[in-house]
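Asker: Got a structure for you, written out below as structure tokens; questions coming shortly.
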Amino acid sequence: NVAVEDEYTTRLKQLTKKIQSLRKKIKLFEENFEREHGYRPSQSDKTAKAEIKKYMADLAKARKEIKKLKEEAEMSSRSRHGSGASSGGSESPTTVPTMEQTLESIIKKLKEKRRDARRPEELELMSRDEIQEEKLAIQKSLLHFEGIHGRPSSKISKDLMRPLYNHYRLVKRMLAKPASPRDTTELQTVPEDQPFELTAGVSTSARPLWKKTVHVPTAEMEDDENFDTVADFSVTRDLVLTRDTIKVSSAATSAGSGSPKSRLMSTGESSINQEATLHEMTIPQLQEELTKTRVEKRKLRKILRDFENEFLSQNGRKVQKEDKIPLQEDYQEYKQVKARLRLLEALLSKYQQQKL
């Protein structure tokens, strides 16, 4: 079993690195194309270039391999669990651990793996390679859970497992960010300086462990959040996922205790304050804010386009409204950034007209 798991981990790591490399090459082409032509390349623009067409074909093939690998791992996990239960001797073949017991076992093993690999408990302190290892460890844990209990479908099972899925999605987002120090610096400085930009800071450091919304890594990542798209668990603690902690977390979530997403969704008073802040800015401040907001918009647009292109390649159709649920927060944030961009442009235009 250990050898099989090691082989699975090695192959998954190889495919993941291959996908990251291909995405970087395609992204570089997209950026160069946009600089040269003034707009983002379409699917036909990409396929018109033989080299990029090959990258895209290799990318689709690698994604299919990962999907197949995860499905095989899930089937293997279920098979092992079934044979273990039937050969247990004194145990009844129908004896299955509760979801709470399985989750507690998973959390314990994840802590042990971090300790053995000397990885920090907090994602913010991990290197990129360590975050990749964390992602693989969580993937295997979620597959193990699915093999025993199936995919969470009831409200109780969703509430129980949501923090772990949230942590997995946060890890995915951190890996999806550019790896270069320059890009990382840009991502941090754009959202944190302005009160309106609370929504953009959710994908980077200033976020504790177990905080964002995530998905069991079986077949399609686009199914990510059949989980309810409610506010994040803003007070869940690192790895203490007992039933009592989960009840406290649920109560904290319903109270909207300051998570970036809950602040994002409460658009009443905060939107007024944000608009008032923009109205009080000088022209140089507005111009600086306009530049930052455009950068933020481009980054969000890339996240959403990558998601939509991947969905198209895997499902053979464009994204529909219900398919956007996994990135509902990003779509909402993108709409708000566009609205703020329009307001900034209107304010600058107004001041320029007044000068005339």
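Here the Cβ of each residue, glycine as well, is placed from N, Cα and C on the backbone.
What TrEMBL shows for this protein is this:
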- 283-354: coiled coil (COILED)
- 66-77: compositional bias 'Basic and acidic residues' (COMPBIAS)
- 82-92: compositional bias 'Low complexity' (COMPBIAS)
- 284-350: domain 'FAM13A-like' (DOMAIN)
- 66-100: region 'Disordered' (REGION)
Asker: Taking DSSP states H, G and I as helix and E and B as strand, how many residues of the domain 'FAM13A-like' (284-350) are helix, strand and coil?
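Answerer: Counts, helix then strand then coil: 62 helix, 0 strand, 5 coil.
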Asker: So, by DSSP, how many helix, strand and coil residues make up the compositional bias 'Basic and acidic residues' (66-77)?
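Answerer: Output for the compositional bias 'Basic and acidic residues' (66-77) reads 12 helix, 0 strand, 0 coil.
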